[in-house]
Structure formats: C-alpha cells, structure tokens
Amino acid sequence: VENVRLLDRLSSRKAALGTLYLTATHVIFVENGSEARKETWVLHSQISSIEKQATTATGCPLLIRCKNFQVIQLVIPQERDCHDVYISLIRLARPVKYEELYCFSFNPKLDKEEREQGWKLVDLSEEYNRMGVPNNYWQISDVNRDYGVCDSYPTEVYVPKSVTAHIIVGSSKFRSRRRFPALSYYCKDNNASICRSSQPLSGFSARCLEDEQMLQAIRKANPGSDFLYVVDTRPKLNAMANRAAGKGYENEDNYSNIKFQFIGIENIHVMRNSLQKMLEVCELKSPSMSDFLWGLENSGWLKHIKAIMDAGIFIAKAVAEEGVSVLVHCSDGWDRTAQVCSVASLLLDPYYRTMKGFMVLIEKDWVSFGHKFNHRYGNLDGDPKEISPVIDQFIECVWQLMEQFPCAFEFNERFLIHIQHHIYSCQFGNFLCNSQKERRELKIQERTYSLWAHLWKNRADYLNPLYRPDHSQTQGTLRPRMAPCNFLYKFWSGMYNRFEKGLHPRQSVTDYLMAVKEETQQLEEELEVLRERLANLQKSQLNDNKVKSKRQDRSKELGLSTSNNSLANTPQEYSNDLKSFPSRSPSQGDEEDSALILTQDNLKSSDPDLSANSDQESGVEDLSCRSPSGGGCLPSEDSGKDSDEAVFLAV
Amino acid sequence: MLRSSQPLTGPNRKRCREDEMLLGTVLDEGERGFIIDTRSAQAAKQARMTGGGTEPKSSYPQWKRLHRPLERGRPLQESFIKLVEACNDTSINVDRWLSRLESSRWLSHVKAALSTACLAAQCMDREEASVLVHGAEGTDTTLLVTALAQVILDPSCRTLEGFQGLLEREWIEAGHPFHLRCARSAYSHARLKQEAPLFLLFLDCVWQLSRQFPFSLEFSERLLLTLFDNAYASAYGTFLCNNEKERRESTHSLWAWLNQPGEKKKYLNPLYSHNALVIWPSVEPQSIQLWQGLFFRWIRSSQYLDEAWAEIQQLVEGN
C-alpha cells in the first residue's frame, strides 16, 4: 500500500511517508525519498494487537502493538486498503499451525552440521555434571523416558538416590499435572538443593505415601540439615482456595520435618493485567511526573518484580546460609516456580551470571521443565487468558540485579533485551511449543535454528565491560538487600520504552568501554610482541623509535574516540502549550541505526528481523542530525482519540 | 540571555523609560525576544498589588512573555523535607513507595526546572532569540534557569573549570542568598521562612544531565555531592553569606582547594569527552530519576556502584 504515513509516537506532527508491505512473515514500512531507504520491519509473531481507529480527513489510522513493546502507528489513505491490511494482519498475527511460524522459513545459510552444532551448544547433562550430580545423593532417572509419567517434564530428571521408580510414579499421581518433585539446583558445597514440583492433590485431607517418601528422600539427600523448606509461591488465600478443588499444599503434620512457607506471588492473570496497566502508562502522551508515578504504582508491576525477587532471595539464603534444601512449587509448577528457581540459582551460582551459564539456566528451568512458551507468549493463536509476561518478569529481575551489581554479570542489558525479543519472535526454535515432548514431536532441532548459537556467535555485542571473573562482585552468592529496598527497583525504560529514541542516552557507555577494553587489549598484545622483538634484537636504539611510531598510528587506526558527532540530538517538545513557535519533534532527529547487530552478519540475505527497529546501544550512530521541521507541520493526528469506534483486537 | 528581577509596575502600571530602553537595545529592529517569567501568570499579576508586576506588552513590544511557574520558598523546602522523610522511612511498603515519592513532588520540580531551562535554551539556540529570565526577586528560580540553560547550551560550562565559573557567576556573584537558603536543611524542626533548596534542585538537575549524557560533563557526581555539602556547612567561605557585599575576603576559597591536582582528580568523570554540541535532555518522566546518590547516601551502601566506577576508571586509565 502506497502513501502510508508512519507516525512518531511522541510527536503527532512528525510522520514519515512511505509504502507498506505485507509478506508471509513481516510487515514492512519503507520510507520514501531518504537515501538511506529507511525501513521498519515487524515480525507477525511480534504483533500483540491491532487497533483500527476511525477514519479522519487525513486517512485511516491503524495502531499495531507488539510483544516487544514497540508501538507502530500508521495512517493509510484509503479506508478500503486499511481494512484489508487490518484483516490480513489479524490473520497473519494469529497463526494456526506451527509451520506458519518464521523459524521454519528462516534461513541463515548454515549447513546441516552447523545447525546441529548450534543446538549442541547448550547441553544440560553437562550442566548437571558441573553441578556435581549424579553423586552419592542424587541419581538420574529415566522413568519419564517416553514422557509416560509426566508429559511436560523432560525425559531425564534428577531425583534422590534412594528414590525408586515406584516412588516417582506414586508421587506424580499426587501432583497437579503429574509434576513430581525433581532437582533444579544442587549446591555441592553443602549438599543443599533446590527442587521443584507442582501443588499436591491434597484437598483437605488426602495423603500419598510415595509423595511423603519423596520429600523425605529429598531432605535426607542433604545430611547437613534435619528439615526441608517447602515454599509455596502463591498467596495463602489462593492456595487455600485450591483445596476445595482437590489440590492445595503440604500439611506440615503429614510430611515429616518440613517447614512450610507461603511467599505470595500473584497469578498469571494478575500479572497480565499489571503489564497491561503499565503499558498504558507508557502510552500516555506527555504525562506529568505525577501521572507516571501514580500510573506505575497503580499497575503494581514493580511490586510483583520485588515479590519474585524476594522469593528467590529467600531460597538462595536457605541454601547458601542455612544449608537447607528447598522444595518450590506454585500451582502447576511451570510459572512462578520457574521464575523463583532461576532467580535463586542466579543469586547462588556465579556460573549463571556468565553468558553461557545464563543460556543454560533458561534451557534448564524454563525450556526443559516445560514452561508453556506457546500458551504464554502466543506462538499460535490461543486462549488469551493463558497469555502472561512470566519470563519477561524473570528477565527484568535479572536486569534489576544488574543495576544493583554492575560488575557481577558477564553479559549486558542488550543481551537480555534480545533474548526477550526472540522469545516472541519465533525466529528460532528454542521457545516453541509447551514442552520438550512437543518440540521433539515437531522435530524442532532438525527444522529450525538455535537462538543460543546465534547469540553466542555475536557475543562480543553482549559483553559487560565491567565484568571480571576475579572481581569480588562475581564471586559466590549475590546478596541483594531485602529491606529497605522498595526504592531500589527502577522502571526499565530500556525495555518498555525500547523504541523511543528520545528517552535514552545517545551514546552507550557499555559500547564505549568495550571499545576501550578491546583497544587496550590489542595494544597490550602488540606491546608484548614488540617487547619480545626488542629483547631479541641488537640495535635497541633503532627499534625504540619504530615502537613509538607504530603505537601512535595504531590508536589512530582504531579510531577510538567518543567524538562529538555521535552526540547530536534534537530537543523534544518542551513547550506543549506554546503556539509562538512550531513545536519541535522530540529527539528523533537522528537516523535510526541501520539493521541491528543481529542482522549484520550473513543474515542480510534473508529477512532481517530488526532493521531500523534498532536499540540505542548498537553503537552504530548515524552522524547526521536532521533539523526539526520548520513551519510546514503536518496537521495534528489526534483524530484517533476522539472516536468511540476503535475496533480493538487482542491477538 | 539576561536575568533580572521583576519590574516594579505596581497597581498603577508605572513605566520606566530607562528600563524599556535597556531592553530595547538588546534587540535589533524587527527582532523579537522572550521573557521567561518563573511565576504563574496569576502570581505575576497579583504581584502588581504589592508593587511588582510584569512587563506590559505595549511598553515592551518586541518581547513575548512566557510564564513557567517554578516552585520556590516554603513549598519547595516542604517538598525536600517530605522526600527525605520518605527516603528514611523504613516502614514503607513497596506498593506505596511511588505515591509517597510522588506526593513530595520533588521530581516534578526537577522536571519543571529542566523543562524551563530547556525552553530558554531552545529560544536561544533554535529561535536565535534573546531571552530575559526573571521571577520575583531574581535570586532563586531565575538563577536556577539561567545556570541550567548554560550547562545545556555551552560546552565550556561542562568542564570542571567552566562549571566553577558558572557557579561563581550565576549563583554566588548573582546574589543567591545562600546563608538564608541553606541554613538547616531537611531535618531541622526550625522551618525557617527563608529556607529553600534551590541550589540543591540545581545540582539535582545537573545530575540528571550527567545521567542522560554520561560523556558530556567533565565532573563526576562526587563534585555535586561536595557542593551540596559545602552549601550548607563549609570550612570555606565560598558559599558564605548572602551576597558579595556581605562576604568577607578573609576566608579560603573552596575552588582553590578543589582544584589542587591531588583533589581535583577525585571530581573528574573518567568518561568525559568534549562535546561541542548542545545537550537536550529528555524531560519525560521515565528519564527523570531519583538522585539515589544523594537521597540514599547514608541509608544504603554505594559499594557496588563505587566498585563499578573504579572499574570504569581502571579501564579508561589502562587505555
């Protein structure tokens, strides 16, 4: 469709004119005229909702909201075209079969072996070995090898040595969705462990010998402690209500030597609404400080983040400081349980704070343990009540920790943002379906590519320059303060306002420091080489001079400078009610970065996934600074707000 | 950019030829200028009753008046006190913190100050027009705006030396009554009438700029904290008294101490790189953060952040 306008969210007066394309996998907007041929690509998988607003004199507005928090506002001249686009997008954004997803057509031009190698990068059995199992206390069990015991669990699980297949099967019958207690993390220093399960089907008074034996075995697998914590991450009221449905929680009287604890994280519906409310705050036009803070508090989002974090801290403390094992569950053991176990592991074990370790962590606690990616993130069209930002919250917990402990993580914020992006993008096969079983049935590893391999290949972009394996922050357990720590949770504008360029610092400190680090390294290596040579040669005088001039040239070559040009920005609208001079566009003057790093390698030939939806930190700044529009402003685009006829579709 | 105090128009709309001529000479034929009045239109109008007022359009035809009310005086001090109380309150629940923060309105004041300074800067840089800034007395919000606008516009004000010069010019010589304004700070029960944390508000705004433009200020947060300390209680005479007339020469200058090579390096920003351009901050709420380094300074350890800065220092120096 031609002559479509792409509006800037912050300034309704600024718009780009271009052509809109719909392909099998993307929506693409190509701007007219600019020599750079600026393009905006959006994957259908990313589309969360499409809103068609009432036609005005200037055209028919269409609002596309994405799961990665990008919001695209288009104005299509003909109502007929707009309707067609709308209907098409609805269909395209609601795939019915897995085969419609991008990962099955995405082609990074790797051969079969490379694809396989990519999938092998993260190996869970290696990980369990690293932890120290199997050993005298823990064994690997293949009782679930055909998914016969629990279809959402992996084929291989770790259970206490003393547990027999009979006990596992018995316990699984007493657990919601058959998700029996299994090992998530083992601390070899003190034998304490974190196990996970779903809620017991205890109702008001039911008991199960095998389940009780299972818990006892877990406790005994830690000789250093005479009791076991059982942590129910639900609010007490919810857990109690579950009893009426024949489920519930562990009765301390029935299970020997357990200490039961509620931690009170709300359910997926509350979280979905919380995010919704927070995004509404983000969409406010020119909010006051008051609007923003009230809105943010009202959404409750940061409160939930804190709840998850507190649970993780409690468990990490139990394991590291008290040396007590913990069994964690929620209702079905695949949402809050995953969040809390992975936060706790991250706090406990510095390995998970490395890039590789983090990938392993997600693979272990989310992918292998059957977190329902498809239902939660809408790979396919499904029940909107299943959608919930569960892993987003975990990822945010990691970011909050990174803000508190800037030296403790090997990876940077961009790494987290890209992972979140790809959970929704379906460009890679890692996060498809709801369980390992389903993925194997679909032969995901033979038909798609692994995100981990892709990120690993580009790992230089994801490093944190402040990380040093020998730094004190990277050793041992992380101990975030629990109180008073209300104010330590910040709003993550890098994620929720990711595409609003004006909001973020123009230049990335991370990228600058990485460049400095690299240059220093190169210079040091060079110095070494030259030193050796110096030692070997006779004529030290002559070589001295050579060394000096070489070093100078090198640093010029590397062009390391935080040269001013890249900092050019334009003022936003500081004077909303001012009519005396034309309002300026917010700091959007700069060209957007060309295709994000992810697309700059050989993926260029296939569909770039994020070109022009670049985030601030790619470090490849366009140096031009467009001057803001002068008198010839486009008429106000506020028409959409007045009508009651917005046709709203939640995908 | 010019600054002054309010014109004494009074209830009878007095005129003053000399004042009109003075402002007239600033502008060329056909040029226009902006007057940024840091009082609300209503407050400015009411000021006439007590002998003050605004510049009437008829007498100052080339000047367009813009009102940007900025908080000052008691309300600003109350805002400060409320914020400090909130930060110290260990009993606050996480789901009440933001509204408590909001009810102090401190961040709203930061946003307003930055917006107004940006407006002044925009008039000059984008409109190429002269700007006159005044409130009532010309000693509080006026200086906040002119000083901040210069940090935004002028790269030389962002160097350590230039910033000191800015403070000397726009705060000390301009006669901000430090003695009255920075008397007891937030914990005192005294609630003095003349006390108001304008200077702190200025430092907070500068801190916001340093966060949004991490490479553009030559000095670090540490300098800002030191300035805050010294404004209230100092071994040096720099911030003493209320104006030049009152100040005695028989004290030592804070600048002399800060600028010693040994001391100076503590206040430098390792990421600094001269930026010749104007820095336009975002004043969206998401971009304005609570200055934790100041408000939580004694409440929680900055150990991890300090370590991060030490790493940054090492990386940059190692290069």
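The backbone N, Cα and C atoms fix where each Cβ goes, glycine too.
Computed from a predicted structure; not experimentally measured.
Per TrEMBL, the listed range annotated as coiled coil is A:513-540 (candidates: A:37-64, A:121-148, A:177-204, A:513-540). Within 8 Å of the Cβ centroid of the substrate site, not counting the listed residues A:Asn267, A:Ile268, A:Cys330, A:Ser331, A:Asp332, A:Gly333, A:Trp334, A:Asp335, A:Arg336, the chain contributes A:Ser198, A:Thr233, A:Arg234, A:Thr337.
Same-chain residues at least 6 positions away in sequence with a Cβ under 8 Å from that of A:Arg336 (substrate binding site) are, in sequence order, A:Thr233, A:Arg234, A:Ile265, A:Ile308, A:Ala311, A:Cys330, A:Val390.
The secondary structure of A:Arg336 (substrate binding site), as reduced to three states from DSSP, is helical.
In the domain 'Tyrosine specific protein phosphatases' (A:299-343), helix, strand and coil residues by DSSP number 31 helix, 4 strand, 10 coil. The local packing around A:Asp332 (substrate binding site), expressed as other Cβ atoms within 10 Å of its Cβ over all shown chains, amounts to 19. Counting every protein chain shown, the number of other Cβ atoms lying within 10 Å of the Cβ of A:Asn267 (substrate binding site) is 15. Of the listed binding-site residues, namely A:Cys330, A:Trp334, the sparsest CB environment within 10 A is found at A:Trp334.
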